[in-house]
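This report concerns only the one structure given below.
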Amino acid sequence: MREKSSETRSPMPLLYRRHSSGDIMNNLASVSSSLLPAFGTVVGSDSPPLRKYVIAPYDRRYRWWQAFLVVLVIYSAWSSPFELAFKKVATGSLLYVDLVVDFFFAADIILTFFVAYLDKSTYLLVDIHKKIATRYVTHMMFPMDVASTLPYQTIYRIFTGKLHRGEVFGFLNLLRLWRLRRVSELFSRLEKDTRFSYFVTRTVKLICVTLFAVHSAGCFYYWIATHHEPSSDTWIGSIIENFEDRSIWLGYTYSMYWSIVTLTTVGYGDLHAVNPGEKVFNIFYMLFNIGLTAYLIGNMTNLIVHSAVRTFVMRDSINEILRYASKNRLPEGLKEQMLAHMQLKFKTAELQQEEVLEDLPKAIRSSISQHLFRRTVEKTYLFKGISDDLSRQLVTDLKAEYFPPKVEVILQNEIPTDFYIVVSGAMEVLTHKNGMEQFLIKLGPMDMFGEIGVFFNIPQPFTVRSKKLSQVVRISHHRFKQLVQPLDEDAKTIMTNFTQYLKDLKKEVQDEMPFLTELLLDLNIEQTRPIDDSENHEASNYGKKDREAGTPTSVLSNTFPLRVVIHGHHPHEETTDSKRTGKLVHLPESIEDLLNLAEKKFGKRGTTVLMADASQVEDLNALRENDHLFIS
């Protein structure tokens, strides 16, 4: 007993059954063959099934039936013009074949009364028998299906007892060409089905269109010749006497030969129009050939260009690089790096598919990142022991990149913006002294680089260069700071790992960072304090009271303190260029500490802290990165 009598049924029960039957890949590969649910439709195993004796339009068995009918349509497309031109086969050898084919299409007409249809206004399957029948009968498809299925020759013979060879039955048989819409629908589905090559599908479609045009034109041309008197005054009668009494396949061969040479060229002149009727037909056929040729050439050109467009773009990009390098006289090594990077970009475009990922929902992008890089992040020294929540967030924000061999990923003394994890390949860490390049260490999968400059807000201490084709993932230091700031336990774990890593560095690497010795004296497992080795990067006093009390400080204040620019004058005071230059410092804990720092920098004591618009600063927590402060 149904709880309610609904007029429509959600298409999703069909999709659910397909899913449960193990046809998942086919369902995903052929999006065009699946019904989309309307917004708000409840999807699940408890969705109401279709009514009894109703067939889902995309049921596998029904689709196989439709595929079988397509084979019969191909026969009908060949036999209908052929029987018009050669009447003997219509009442002879092909008569019984036509009856069998018509029987299958008659069965399909009956079957259609039991196939649910999709209501385009609600996008739901309608499975009520009365509605299905009413829709089919009132649609143009029903009378056309019936007209193209009736065996007119056989019906006439049953009622009269005679076999009629008139032209009317030949033209009535042409109604079977209505069935060609099934072939068009088939190709439309195949072109959207990722299991089949789009190029091959389109090529087969173009070949079928061409063959049908050639076959039909040849049959109609032969029919014209058979209805002209005298027969010797025709295109084929002028060559073959009594051609109608000769073999059917001889006439068909001549017809196909004329049709093909006329379609592909302007004809050889051996078979040509003789009487006015044939000349008129030739005129229209050649005009049709112009359109068909344009259609074929246009489609083939699009297919070829589509398959080669990426190659053209890559070649153009490489030529532009060569012209740019030659015009600006770039060194050979730098030019090779540019070319290698461009080639790698095109080779890895299909792997990265950034355009595709950008169109996906955030949850799907996150799941992809988790699948690809979660293991890499968890095995990296810096993130060992962190919580699952932080690990998931870090992986979601990673950006993947490829680097060809011998390309600098990080340059010594550049501003730190990102740090990197090696996923595959190898990197070498280098330092430059007096114009000489010195190798320090080699990095492999799961190793990190760039984090020292990021953690201490100092210029990158080393150059990192790819040793071979490498894939890396990177995360910006601003995003990393946002993720770690509210997680004190994870912050302590990360700083513990980082401190231990610094202590375990090779001596030759530590010697290249003169500030590291002093830094390691202040760093310990619970607390850290950033050290800066330049005049314009002052060590922050933020968290000093917490350290004296023996409590750990937050990762934001210790690892990533805000950097501000301080000036030793009033914002509206006119100063010389030398005095206008500010000092980049880490923001201290309090305004009093900031005034003390300014006194040390500028040699005079200020009393107030102002912004660029002369508004007074009363709470340092309201400041942002790289704000300009004026001490007066």
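Placement of Cβ uses the backbone N, Cα and C atoms for every residue, glycine included.
Unlike curated entries, TrEMBL annotations are predicted automatically.
Taken from TrEMBL, the feature transmembrane segment covers 64-82, 94-118, 196-224, 283-305. If you look up TrEMBL, you'll see 382-501 marked as domain 'Cyclic nucleotide-binding'. Look at TrEMBL and you will find 530-549 tagged as compositional bias 'Basic and acidic residues'. Per TrEMBL, region 'Disordered' is recorded for 530-553. Residues or ranges marked as domain 'KHA' by TrEMBL: 563-632.
Taking the domain 'Cyclic nucleotide-binding' (382-501) as a whole, pLDDT averages 86 in the prediction.
When Cβ-Cβ distances below 8 Å are used as the criterion, the transmembrane segment (283-305) is approached by residues 198-199, 202-203, 206, 209-210, 213, 217, 221, 262-263, 266 of the same chain, each at least six residues removed from its ends.
Remote same-chain partners of the transmembrane segment (64-82), defined as residues 6 or more beyond its termini with a Cβ less than 8 Å from a stretch Cβ, comprise 89, 94, 97-98, 101, 104-105, 108, 111, 173-174, 176-177, 179-180, 182-183, 186, 212, 215-216, 219-220, 252. Within the domain 'Cyclic nucleotide-binding' (382-501), the DSSP-based counts of helix, strand and coil residues read 39 helix, 43 strand, 38 coil.
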